[in-house]
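S.K.: Found this in TrEMBL, in case it helps:
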- ARG150, TYR152, LEU168, LYS170, VAL177, SER178, THR222: FAD binding site (BINDING)
- 284-300: compositional bias 'Low complexity' (COMPBIAS)
- 103-207: domain 'FAD-binding FR-type' (DOMAIN)
- 281-300: region 'Disordered' (REGION)
Amino acid sequence: MLPFQRSILANCRRTPSLWTHSSTHTPCTSSPSPNLIRQYSSSTKGHPAYDSRQQAIRRTNRIMVGAAAAVGFGTYYLQSSQQQGNLINPFSFLFGSSNLTNDRWTKLQLTKITPVSDSTSIFEFRLNKPMTIPICSAVYVKDDEIQAMRAYTPVHYSLRDQPVLQLLVKRYSEGQVSRFMHSARVGQQIEMRGPVMIWPASRPELEAYDEIGMIAGGTGITAVLPVIHSVLTNGAKKTKLSLLFAAQTPEELYFKDELDQLAGSHSDQFKVTYTIDRLPDLSKTPAPAPSQAASSRKQQAVAKEVQPWKGHVGYVNQAMLEGMLPAAAKTNDTKSIILVCGPESMVKHVAGGRGVTGQDPVRGVLGAMGYKKEQVFRFPN
Ligand SMILES: Cc1cc2nc3c(=O)[nH]c(=O)nc-3n(C[C@H](O)[C@H](O)[C@H](O)COP(=O)(O)OP(=O)(O)OC[C@H]3O[C@@H](n4cnc5c(N)ncnc54)[C@H](O)[C@@H]3O)c2cc1C
């Protein structure tokens, strides 16, 4: 108890009953003014003014008790759920997530974490209302403790009518922000700002191309996935799409099922091929019993790897790209583009470094094939 509270209580104790005012008692320092007491004393029990005031007091008391109980329960729920690591803030509808803007940092509530490989998960955040995330844009995530921020490309294209934001984030063992994200728990508020455009790719801009070739590495798939969705849902123009998706292991070919399904349902328009750095060493991986196969994500991944690998093996090379991509640059060709997105080392190998301009002359595999700077866009990743 604070000193001022102790002195008020001591004074009140000296005053047997505040509300049965008697001129003989020393007035409590926290008591109402004598005028108020006089007004109160003039109302007697049974008097209509007295009764309605009593009812008002009782109503106020009930509201206050109810509010205190709600806050108490909410705090208890918040604490116990946080300990269990499965919390959705019950008061988020009052103070919680708002919509993203690039003007300031906004706290968004993490509502779901879906692991998609050993090192990568999809993190889902609640928005106030659905918002249009431009194709090929990124949002910045901040680790407030160390004041570091990194860009991530939202992947919720197919959920654009729902108030959610999804980020696919790979954890790097020494990575600052990716480790922060992977240590976050459901219910936590995480600061973000954006979206910011990385490549202008509204529908009319995509329509300008007859052909779009894409080379994605690992989480770089997030940049090209919205392009694929946008082009394939455009009834007006049948732009041709081709994608070579490179990853270290089959498990890291994120959204592969979705990509295969899109290629199947739009076989005249969209072709997808895959390459992995190396085949998994199946001799070290015990095949799961059929009954157990669906029991965990890891087992499902292993079950997939057991099937014969039908894609390429090794780093992206000319043989994988020939016949798949739009033809190498002809003079003033603006009808086709090649998008490259992935880890810096992979982008360098495929198209040369982005350099200080962000789009330095094309080198690497694409340079050797004759592609020019105007026909290739390298995403930062
Ligand atoms: C526009 C844009 C969009 C992006 N979208 C995504 C996305 O959707 N999903 C996603 O997971 N990442 C994405 N990234 C990468 C992301 O911004 C971070 O760079 C990544 O999460 C690593 O940050 P970190 O703080 O954990 O690592 P840092 O502390 O920056 O680096 C730690 C270590 O990890 C290594 N490292 C960092 N990034 C990579 C990488 N990409 N490949 C290999 N090694 C790396 C560094 O060399 C270093 O040794 C995007 C980047 C950009 C610029």
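Every residue, even glycine, has its Cβ placed from backbone N, Cα and C.
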S.K.: Beyond the listed site residues ARG150, TYR152, LEU168, LYS170, VAL177, SER178, THR222, identify every same-chain residue whose Cβ lies within 8 Å of the center of their Cβ atoms for the FAD site.
M.R.: VAL141, ALA151, LEU167, VAL169, MET181, THR219
S.K.: According to DSSP, folded down to helix, strand and coil, what is VAL177 (FAD binding site)?
M.R.: helix
S.K.: Using DSSP, what's the helix, strand and coil tally for the domain 'FAD-binding FR-type' (103-207)?
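M.R.: Once the DSSP states are binned, the domain 'FAD-binding FR-type' (103-207) shows 17 helix, 47 strand, 41 coil.
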S.K.: Would you count the other C-beta atoms found within 10 angstroms of the C-beta of ARG150 (FAD binding site) for me?
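M.R.: Taking all protein chains shown, ARG150 (FAD binding site) has 17 Cβ neighbours within 10 Å.
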S.K.: Among all chains shown, work out which of the binding-site residues SER178, THR222 has the most CB atoms within 10 A of its CB.
M.R.: THR222
S.K.: Considering each pair of residues in ARG150, TYR152, LEU168, LYS170, VAL177, SER178, THR222, all listed as binding FAD, report the largest CA to CA distance in Å, no decimals.
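M.R.: This binding site's residues have a maximal Cα-Cα distance of 18 Å.
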